[in-house]
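S.K.: Please see the structure below; I have some questions.
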Ligand code: ATP
Ligand code: MG
Ligand code: FE
């Protein structure tokens, strides 16, 4: 089955074609970063309008790269939530209309399920049960995955998401939007231990997170410092180490608590090299394994939506002819897919 995947939940237009026999055939991404940079954050209405401009050309480009005509598609998957309502509507309306014209089924995909299943797209031998660490711009969650669609929330952030903490911390030290990746790059030249910040909520039991206090600690350290380039890098390193170690401590705890040996990591912060290295070391030490998508499939992309949609379409799920999106959507509410993968 060949499935077109469409992602428009925020500020990235992503399109891909996934073939359930041959794997990923093509994928393309258009990022709106330059459009939103002067405002220091995503402007929802501008995002919607830019998705309108870019989506269909990107669909044509992706089909051409896959060597397919639209009529070769057997299904369409689009992100139906969570996300910005206007941005979601663009992908949902286009995806639904395309499926209707082609007389193939369409399915609305949960964006976080897309992120969560991205490691399986990369490694088809991966099977539940596993523990997933979802670390993105809007979410920080530990999820026990017992099957496709069988998700049990083990813990989540009580305030800022990990990616949001990276972005806000970068901003308060004057780095341009979007700051997360830039802060991580700056941390490479920072000296470990020059600044030490707390590992929030690791001193008590439980799997929840809290990152907003770290931001305040960084702000104070930055304001009281000489504000030199080296200091900025040192603080970035201290902040990154605090976030990464906190995430690793909670991942280890989640594996111990569930007795599961496989950890998968997904979402934009999963692209962070220090996080990847630390979780790799932790998993090896415990005799388990950790899997990440390639960095480009950690952040938003169409491939994860095509893949998650293909699993659900193969299981017979599809939408009616209406265009529906769900800007706020709990992943635990998803139906379980009874498939031989699970
Ligand atoms: P959500 O998926 O929760 O709706 P989102 O789609 O905006 O949020 P993603 O696209 O998955 O989030 O990830 C973007 C986030 O990842 C940003 O907050 C960004 O700062 C962060 N990020 C990307 N690369 C890195 C990196 N190398 N180190 C740390 N953070 C990173
Ligand atoms: Mg994004
Ligand atoms: Fe995302």
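Each residue, glycine too, has its Cβ placed from N, Cα and C.
Feature table excerpt (TrEMBL):
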- 24-307: domain 'Gcp-like' (DOMAIN)
- 111, 115, 300: Fe cation binding site (BINDING)
- 134, 135, 136, 137, 138, 167, 180, 272: substrate binding site (BINDING)
S.K.: Looking only at C-alpha atoms, tell me how far residue 180 (substrate binding site) is from residue 300 (Fe cation binding site), rounded to the nearest Å.
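M.R.: One finds 14 Å between the Cα atoms of these residues.
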S.K.: Using C-alpha atoms only, work out the spacing between residue 136 (substrate binding site) and residue 115 (Fe cation binding site) and round it to an integer in Å.
M.R.: 9
S.K.: Starting from the Cβ centroid of 111, 115, 300, which together make up the recorded Fe cation site, report each further residue of the same chain whose Cβ lies within 8 Å of that point, ordered by sequence.
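M.R.: Everything else in range on the chain: 7, 9, 79, 112, 114, 136, 267, 301, 304, 305.
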S.K.: Roughly how many Å lie between the Cα atoms of residue 167 (substrate binding site) and residue 115 (Fe cation binding site), rounded to a whole value?
M.R.: 19
S.K.: Under a threshold of 6 Å between Cβ and any atom of ligand 1, which of the binding-site residues 134, 135, 300 are retained?
M.R.: 300
S.K.: Determine the binding-site residues, out of 134, 135, 138, 167, 272, lying near ligand 2 in the sense that the CB is under 6 Å from one of its atoms, and give them in sequence order.
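M.R.: Among the binding-site residues listed, not one has its Cβ under 6 Å from ligand 2.
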S.K.: List, in residue order, those binding-site residues out of 136, 167, 180, 300 with a Cβ under 6 Å from any atom belonging to ligand 3.
M.R.: 136, 300
